[in-house]
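In what follows, a structure is listed as structure tokens, so that the remarks can point back to it.
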Amino acid sequence: MRASSVDAAILDVLNAHAPGHLTAAQVYEQIQPRLPAVNPSTVYRALERLAKNGRISVSDMGSGAAVYEAFSDPPHHHLVCQRCGRVEMLSHQQVQSLFSGIAAEYGYRIVTNHLVLFGICPACQESDEGIEP
């Protein structure tokens, strides 16, 4: 099986699910009907290659399994509740000043376009009212 056909199938799946996040197993399930001869290890290697080459993003959203997504234009970022797993999307504009400040202070050129922040969502905070930390 040619790597380019697997890569193209993965990109199609991720673009079809944008701005969603899929695990490697979910990507494999989605491309299996299109490429029945492909095996899970081929999909994992292709996902790693696409991420390394900057074609897709890979993130730890706190669920234990890496999730993959197509890059979006404009870029977006994530705020994840550590209790319930709720995910909020943050616009790139909301965090651009943070990136600019870090670049200015440390002299780095920021090359990522993806940020994941973890916290406790309002609903989980509300359910914690009256509970001592």
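Just so it is clear, glycine is given a Cβ too, placed from its N, Cα and C backbone atoms.
What TrEMBL says about this protein:
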BINDING   C81, C84, C121, C124  Zn(2+) binding site
Residues close to Zn(2+) site centre defined by C81, C84, C121, C124, Cβ within 8 Å: Q82, R83, G85, R86, I120, P122, A123, Q125
Most Cβ neighbours inside 10 Å, all chains, among the binding-site residues C121, C124: C121
Entry from the binding-site residues list C81, C84 having the most other CB atoms no farther than 10 A: C81
Collapsed DSSP category at C124 (Zn(2+) binding site): helix
